[in-house]
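Annotated features, as they stand in Swiss-Prot:
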BINDING   G17, A18, G19, V20, S21, E38, V46, W47, Q58, S59  FAD binding site
BINDING   S219, A220, I221, D222  NADP(+) binding site
Amino acid sequence: MASNYDKLTSSRVAIIGAGVSGLAAAKNLVHHNPTVFEASDSVGGVWRSCTYETTKLQSARVDYEFSDFPWPNNRDDTTFPPYLEILDYLESYAKHFDLLKFMKFGSKVIEVRFIGDGETPQMVDLGAYGNLLPGKPVWEVAVQIGDSGDIQWHAFEFVVVCTGKYGDVPRIPAFPAKKGPEMFQGKVMHSMDYCKLEKEEASTLLSGKKVAVIGFKKSAIDLALESALANQGEGGKACTMVVRTTHWGIPHYWVWGLPFFLFYSSRASQFLHDRPNQSFLRTLFCLLFSLLRAVVSKFIESYVLWKLPLEKYGLKPNHSFEEDYASCQMAIIPENFFEEADKGMIRFKKSSKWWFYEEGIVFEDGTTLEADVVILATGYDGKKKLKAIVPEPFRTWLEFPSGVMPLYRGTIHPLIPNMGFVGYVQSSSNLHTSELRSMWLSRLVDEKFRLPSKEKMLDQFLKEMEVTRNSSRFYKRHCISTFSIQHADDMCNDMGLNPWRKSNFLLEAFSPYGSQDYRLGQEEKEDMTA
């Protein structure tokens, strides 16, 4: 394996990943001539590497766009665009802002080494964070070029990690001895492997087969629908979804004739929810209005139960809708999903424990499910990929025991110097979340404001997690959906921008906030570049 050290890298900033977050980071750090390492041969991230024939965006186009780049076509179309349209949009964004010249495709980052001042820290230091561009390299980055095995080393002052929480590392369930996939005589694969299949390969895999899909989140729902559609007509077999935990889903963004944003995405609606750093009086206020929040949740649940046959199939969650929204667990149910269930092409089996046997799956109640193909839609472990390239002791400090990375403003890890993270915080619009954090990070790198001490940054993160923990049992993720506007306000205040982005009070109070609200005016642009 060849290896060489590239001391001629002209950039001071490296960006790892060219998905949505990587593109947003590159565009906002363009004046630093960043080097963007992307393992694949094009931009798009998970939208290119892991999509199915039926995959669509979970929102309308206007709710998934960059602040300074509206959708060029069909922007006002309220339907959810398929993944090919999203890829085209992301590619157009990269070309419009001339970002491709910064890209190094076919370049997989396999290791980063700390080469900052002195020895690698062995103890937690809660003092000042330090300069993000100190004038000399802080990290060495090892990059594998294509399939050649050649390794190049580059040195940078600042590294932005944009591989995201999904990454390309599948989360595989653990099984007791002699009860794992090796016992099964059929085909076992993760959803990540399925989405790499060509259309004809996928159809051949599913058609006429007894398919079991493990999971009940977005990927699992898409896969079950895809299996049902591949088995239409004579000889078609039903797909069975193995469900451990049910979550609320909605058919569209209207509830009893009212737009969904009225309930969670306006200042008025989020005012009813707890937020970090709130006063005692505000805590008391939120406690008093907890009944109103419960009424809102029940109101939405009543519509979902009327519109979708969750009770018919035993899929009604035993927790509130608000819990799923507060932990970013809500999904949009495809319009023909339950149509296929009513036709008998999608079936459901609830079980918290299961394992393999020769013919299929055994459940904890002793029943069995025969299968030809088992697809594990059990999620991804993007942080495992991150841990593989980050050295100690930073690897140990990377996440808390809960599994959540302690990121200040969702971007800076207080214990890891000169490294930013974009795409690891969730909200109702992950593109908007990533873009705003990229804007904030750019101003931070440009020294437009200073970070507080590491201790204060960790304290702020803990307060955010406390809000999520008090709102939902599914708190092991950094989700800001119920206080996203206040989170954006804090970032605007850091950047010296007016956090109130609407033209009048009524819009400020009752209209939704999105990426277009954070498009910089001419005066703001001049202030930012001054």
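Glycine too: its Cβ is placed from the backbone N, Cα and C atoms.
Location within the structure of each feature annotated in Swiss-Prot.
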residue : record               : Cβ contacts under 8 Å, 6 or more apart
G17     : FAD binding site     : V36, F37, E38, G45, V161, C162, T163, G164, G423
G19     : FAD binding site     : V43, G44, G45, V46, W47, C162, T163, G164, G423
S21     : FAD binding site     : G45, C162, G164, V422, G423, S434, S438
Q58     : FAD binding site     : F80, K218, A331, I332
S219    : NADP(+) binding site : S191, A377, G379
A220    : NADP(+) binding site : S191, V213, I214, M241, A377
I221    : NADP(+) binding site : G249, A331, I333, P334, F337
D222    : NADP(+) binding site : Y52, T54, T55, P334
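When secondary structure is read from DSSP and collapsed to three states, G17 (FAD binding site) falls in the coil class. Packing around V46 (FAD binding site) is summarised by its Cβ count: 22 other Cβ atoms lie within 10 angstroms of its Cβ, all protein chains included. Taking the mean position of the Cβ atoms of S219, A220, I221, D222 as the NADP(+) site, the remaining residues of that chain whose Cβ falls within 8 Å of it are S191, V213, G215, F216, K217, K218, L223, A224, L225, A377.
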